[in-house]
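The annotation transmembrane segment is assigned in TrEMBL to A:19-39, A:46-69, A:75-93, A:100-121, A:183-203, A:233-252, A:272-297, A:304-323.
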Amino acid sequence: MSIAIPSFKVETGTRASSFSALIGAAVLVLAVAVPFLVPRGAVQDLFFILTMLVLAQSWNLLAGYAGLISVGQQVFVGFGAYTMFGAVILFGIDPIVATLIAGLFAALLAVPTALFTFRLYGPYFAIGTWVVAEVVRLLLAQWKALGGGTGTSLPREATRDMAGVGLLRDHFGMKAAEASDALTYWLALVLAAATIGLIYRLLRSKQGLGLAAVRDNEQAARAVGVDARRMKALVYLTTAFLTGLAGALIYVQKARISPDAAFSVTDWTAYVIFIVVIGGIGTIEGPIVGVILFFLLQNLLSDYGSWYLLMLGLVGILIMLFAPRGLWGAFSDRTGIQLFPVRRMLVGDPLAHTPKGGPHG
Amino acid sequence: MSLLQLECVSKRFGALTVADEISFSVGEGEALGIIGPNGAGKSTLFNLITGNIAADTGTIRFGGADLTRVPPMARCLSGMGRTFQIPQPFEKLTVFENVLVAGSFGAQRSESGAYVRCAGILADTGLLDKANVPAGGLTLLQRKRLELARALATEPRLLLLDEIAGGLTEAECHALVATIRAIHAKGVAVIWIEHVLHALTSIVERLLVLNFGRVIGMGAPADIMASRAVREIYLGIEV
């Protein structure tokens, strides 16, 4: 039955993808130089875009690939941020080291929350994740050492003496505030690039193939030997880690925390879902497109008060009606362009040089 | 020694008994056909064997191990490959990727280590020209072939086929039978649920007849088809 197959190969790359790798490298180089080129306000805007991109890529991996529609990812933003604050204020740890610790703690928190929420399916899972987020918010609001319900600020010295700030001050003549903005921006850039790289690598691996199978049909995936539960748990832990890192980093830059802000379902989940859905769920390009559009909308409409939210809703509805796979999805369907291709293409003719009569039907 | 052994396996959904103390065994490399009227519990029996439905009572042994309480994933890894009566493709993945999932996870190989085998299976099942097409765009016939291809890619010792010949033309059916015969000839045990009797009897050595979740006959195809009970219940002929 099995035929010796000499002349075929399996490819995932496309011409567009090698082009996009070049563009990506160029953008990255330019992005590294940004703090030396543009005013501080623009660096802060880019920091916001990059951290939202990390949150969006994480949620996209969770919902778009593992099928885990969570509306409680703010729990990892808030818990990561509070862990960072706790480590800095109570133990005097450098904020950057504290950010790494925060990522690990967020992943640790994901273990008990997974035990609870993984018993639920579909909409029940979504509600469950939200409940968990509220519970953690209420618990942390009791923590008097970190300001209880009203919150607290990072000590000024903490961000001023952050590792690397002194270096930037001495060598590039930056002011302390400028230097700490530049530093958090670079960390956000590294985190965003690493997140995209990690997700792309995962999707191209055997595990990524299994994940796609689980997303398409869980019952069939189990029947061909894919451990769907383990796969989902792995994704849940990974996104908790990334979301926790992003949350802590956001609050290093904000330097002021309160439970309501850090566990805000609007800021850290609703906006993130908006970004992923308008950009195109289930693609790596989608959240990138979505976060740029979101930023533009936010800036265009910020003067209109609550009209802003109404407009966001309207844009969301229009895109869902006319481009249900998001802007990138619609573009990609039309042009066939993929910047991050994951499809395994069978190229060449496996039957070449084999005796006739192999295939049936 | 028997490869698969069911002992008094029962399953009830409320008042409805869908499997009633079913006992039978299939030897290494054997081919068994399962027939019975619609609603007799044939697909349920498959789901009990593959673990998609948990048995209420009884034991299911496979390759000497008790698998009664083991989930479907582990049963696949221990050597059961199945097709679904209603095809369940991974719709957004290509045909090749569909088979690759089974060939890498089910057969416990690395992804690149499964490429050659999976391409070969696509050739054997006549799906090679569709290799790079998303499975969601396949016709019913192609979907059924994909079910077979995916089950084969898990490198099963026991292949469970659920009505894969239904709706095929004579020529297509002929090709399918040839494919299954080739698989069986390599020592893979087969359990095949089918209404297309001539396809079934050209492969299997024994037939098992189900009615209302109960085994009402088992034996050589000729004997079974001649038996009065089967003719009355299954063929609906007054004898």
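Backbone N, Cα and C atoms are what each Cβ position is placed from, and that goes for glycine too.
Beyond the ends of the transmembrane segment (A:75-93), by six or more residues, the same chain brings 55, 99, 101-103, 105-106, 109-110, 113, 129, 132-133, 136-137, 140, 143, 145-146, 152, 154-155, 158, 239-240, 243-248, 250-252, 257, 259, 262-263, 268 to within a C-beta distance below 8 angstroms of the stretch. Two recorded stretches are said to be in contact when at least 3 C-beta pairs lie under 8 angstroms, sequence spacing 6 or more; the transmembrane segment (A:233-252) and the transmembrane segment (A:100-121) meet this definition.
Stretch with the most C-beta contacts under 8 angstroms to the transmembrane segment (A:183-203), considering only A:19-39, A:46-69, A:100-121, A:272-297: A:46-69. Long-range contacts of the transmembrane segment (A:19-39) within the same chain, counting only residues at least 6 positions beyond its ends with a Cβ under 8 Å from a Cβ of the stretch, are 46, 172, 178, 181-182, 185-186, 189, 193, 339-340. Same-chain residues lying 6+ beyond the ends of the transmembrane segment (A:46-69) with a Cβ under 8 Å from its Cβ atoms: 31, 34, 77, 122-123, 125-126, 181, 184-185, 188-189, 191-192, 195-196, 199, 202-203, 208, 211-212, 214-215, 218, 231-232, 235-236, 238-239, 242-243, 245-246, 249-250, 253, 268-269, 271-273, 275-276, 279, 281-284, 286-288, 290-292, 294-295.
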